[in-house]
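These come from TrEMBL:
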- GLU307: active site (ACT_SITE)
- ASP391: active site, proton donor (ACT_SITE)
- HIS306, HIS310, GLU387: Zn(2+) binding site (BINDING)
- 31-216: domain 'CAAX prenyl protease 1 N-terminal' (DOMAIN)
- 219-442: domain 'Peptidase M48' (DOMAIN)
- 6-27: transmembrane segment (TRANSMEM)
- 73-91: transmembrane segment (TRANSMEM)
- 111-127: transmembrane segment (TRANSMEM)
- 162-183: transmembrane segment (TRANSMEM)
- 189-209: transmembrane segment (TRANSMEM)
- 320-336: transmembrane segment (TRANSMEM)
- 356-382: transmembrane segment (TRANSMEM)
Amino acid sequence: MGVSEAELVLYAIIFVCIFENLFEIYISLRQVNVYKTTNKVPVELKDHMNEETFFKARIYGLDKEQFGIFKSILLDVIVIPLELYCGIISLFWQTSLHIVDKLNFDVNNEILVSCVFVVVIGLYGYVKELPFKVYGTFVLEEKHGFNKQTPGFFVWDQIKGLLLSNILTVLLSAAVVFIVQWGGEYFFIYLWAFAGIISLVLLTIYPIFIAPLFDKYTPLEEGDLRTAIEKLAASLKFPLTKLYVVEGSKRSSHSNAYFYGLWNSKRIVLFDTLLLNKGKKDNTEVKKEDEGKGCTNDEVVAVLGHELGHWKLGHVTKNIVIMQVNLLLLFFVFNYCFKYAPFYEALGFAPGVRPILVGLFIVLTYVMAPYNAILSFALTILSRRFEYQADEFAQKLGYADLLQKALIKLNLDNLGFPVHDWLYSSWNHSHPTLLQRMNRLKVLEAKDKKSQ
């Protein structure tokens, strides 16, 4: 007896899933080898990184990578293929039908069933990931001094995140199913337009309404730093309207800075962990382990010179355009593939049962997997190019030395390991490594001196 078309599809999906994750694990193992065999501080960092910090960074990186490999083997290589083989997605669909029926609603209403389905499968995925979240936060990050969350904070954070994600997922899923049912032959165009609008809306409302639900945002107080940032923004004609400090230190001691907003209303957000001593002027308020951490005012401005370089050079707009073109292509492929019956039968659905959301999941996750992998790598390369360009922009503003100092400090404060396997870094890092950025800035400075 021959193998059916649905079985071939199932085996192909499982193969793609396992192969892709084994490749990722192989790359991670290369980096693990770097952590285990690199025992000396790079020459470029001899004056900045002592042996103790280098050792801590090496162990931290090794612990994170080994934990990631364990999780990937367990979930991505073993559990998910077994779930696919056993037809767990169709089981969740049947469960959703049962729930809708028990609530005395119409089981033939695919929009309603789909809304229940995404909640059920979302809760299952959350429970599956929760032990790894707990370990990552309260064991791994705690061990290396980065976790600042209490169990109560963590639980409340998870509850808020779960509620919010379910609300958004239900609303978006209902809209997607409706558009596909209503849109006819060219529904993918309407779906693309809807996704584009939603993306822009979320980019606008997330920092204003959603992010403050999880972290405390306060205006940066008047002083030298605020004045310097406003002066920089004005010199670049950056339409700065708000300047915030987010209390990220309640969650983690990792640091960051970013800007957001559309058109002529931009806002800059600084993590308190980015600021020297968390921005506190009274040293008695600073914990001993936080003393001296963070960047000086001039270094923060240099970091923002880099960030605003992304805006000035149009990197944000370019990324939005790429995202929209990619979405159109994905929905176009979905339009021509989602009625292919073996996709659904491969996952355990009865002949003739073809839920729209399941079809979207199959096409975007597995049919387009090779394309997604290639695109992800291409975007990583592009992102690294953008980072170099933003560094050059900051260098032309005169921030080369200060930016290098800031990058080194942030790397030390975050226990970033400065040595990476070339393939691992090329595949995973959206930013060039610390040493690559330092070397590039030195080359740019040398060129400028020669041309003078």
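Backbone N, Cα and C atoms are what each Cβ position is placed from, and that goes for glycine too.
Just so you know, TrEMBL annotations never went through curation; they're auto-generated.
Sequence features, as recorded in TrEMBL, placed on the structure.
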{"residue": "HIS306", "record": "Zn(2+) binding site", "contacts (Cβ under 8 Å, 6+ apart)": "ALA390, ASP391, PHE393, ALA394, TYR399, LEU403"}
{"residue": "GLU307", "record": "active site", "contacts (Cβ under 8 Å, 6+ apart)": "ALA257, TYR258, PHE259, ILE268, ALA390"}
{"residue": "HIS310", "record": "Zn(2+) binding site", "contacts (Cβ under 8 Å, 6+ apart)": "VAL316, PHE386, ALA390"}
{"residue": "GLU387", "record": "Zn(2+) binding site", "contacts (Cβ under 8 Å, 6+ apart)": "SER430, HIS431, PRO432, ARG437"}
Open item on the list: Name them in sequence order: residues not among HIS306, HIS310, GLU387 whose Cβ is within 8 Å of the mean position of the Cβ atoms defining the Zn(2+) site.
Closed with: GLU307, GLY309, HIS315, PHE386, GLN389, ALA390, ASP391, PHE393, ALA394
Open item on the list: What residues elsewhere in the chain lie close to the transmembrane segment (162-183), defined as a C-beta under 8 angstroms and at least 6 residues from its ends?
Closed with: 110-111, 114-115, 117-119, 122-123, 126, 189-191, 194, 198, 210, 213, 338, 356-357, 360
Open item on the list: Applying a 10 Å Cβ distance cut-off over all chains shown, what neighbour count does the residue listed as 'active site, proton donor' have?
Closed with: 26
